[in-house]
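The structure appears below as structure tokens.
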Amino acid sequence: MSQAAETLDGWYSLHLFYAVDWASLRLVPKDERDALVTEFQSFLENTATVRSSKSGDQAIYNITGQKADLLLWFLRPEMKSLNHIENEFNKLRIADFLIPTYSYVSVIELSNYLAGKSDEDPYENPHIKARLYPELPHSDYICFYPMNKRRNETYNWYMLTMEERQKLMYDHGMIGRKYAGKIKQFITGSVGFDDFEWGVTLFSDDVLQFKKIVYEMRFDETTARYGEFGSFFVGHLINTNEFDQFFAIS
């Protein structure tokens, strides 16, 4: 049996994707529609207060294409807090006009593939804590996709030795480092939580960097032989004070 990688786990993560039911929303009188939007704004401003206390974070993006219109990403210390947020969100009047198109449940994760030997408690390391319990950037663009490590008769990631996996992940990581300062990456583990094994969330002020890094990594052995991917979602930052314009119907 191959040695399993150990992980450090941080905040729990919930990506929620919605399409707006514009046809139904168009039938709502403007004053009622304005009230729906105001209630939605207040809800998100209230859930965002965790950032100041460093007990979670969140991001809101307008997704490009027909897979979704909105992405709400929540990070919290406990899974049940994500349940509470989702339940309260579903009670909002605006939820009657938002159609769920996708969701992803996971937890911020760091593996030990590239970690050196140390007697230090990693959870007390400031650099590691900042990655496990992050303050999300307000970058212009976001890209999210789920992924698996392939396991079949020809290529099975889980049958490789720890040393083989460490070498592959080192080479893989070297590509990622080339994009430092251009892309901020968050890996969330989802084995036992969702249909894929990991979620990858990328932030950048230059949307083209997503294409560049994903394409370059296609030639990396870790991805070429062992990577399997779900759908990609790309979107632009939207602030709650822009909701009036976003939901406006002339």
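Here the Cβ of each residue, glycine as well, is placed from N, Cα and C on the backbone.
It should be emphasised that the depicted structure is a prediction, and the values quoted were computed from it without experimental measurement.
In the shown protein chains, 19 other C-beta atoms lie within 10 A of the C-beta of TYR145 (active site). Here Swiss-Prot flags TYR145 as active site, drawing on sequence analysis.
ARG131 (Fe-coproporphyrin III binding site) carries a helical DSSP state (H, G or I). For ARG131 (Fe-coproporphyrin III binding site), the number of other Cβ atoms no farther than 10 Å from its own Cβ, over all displayed protein chains, is 16. Per Swiss-Prot, the feature Fe-coproporphyrin III binding site maps to ARG131, TYR145, PRO146, MET147, ASN148, LYS149, HIS172, GLN185; the stated evidence is sequence analysis.
Put simply, TYR145 (active site) is 12 Å from GLN185 (Fe-coproporphyrin III binding site) when counted between their Cα atoms.
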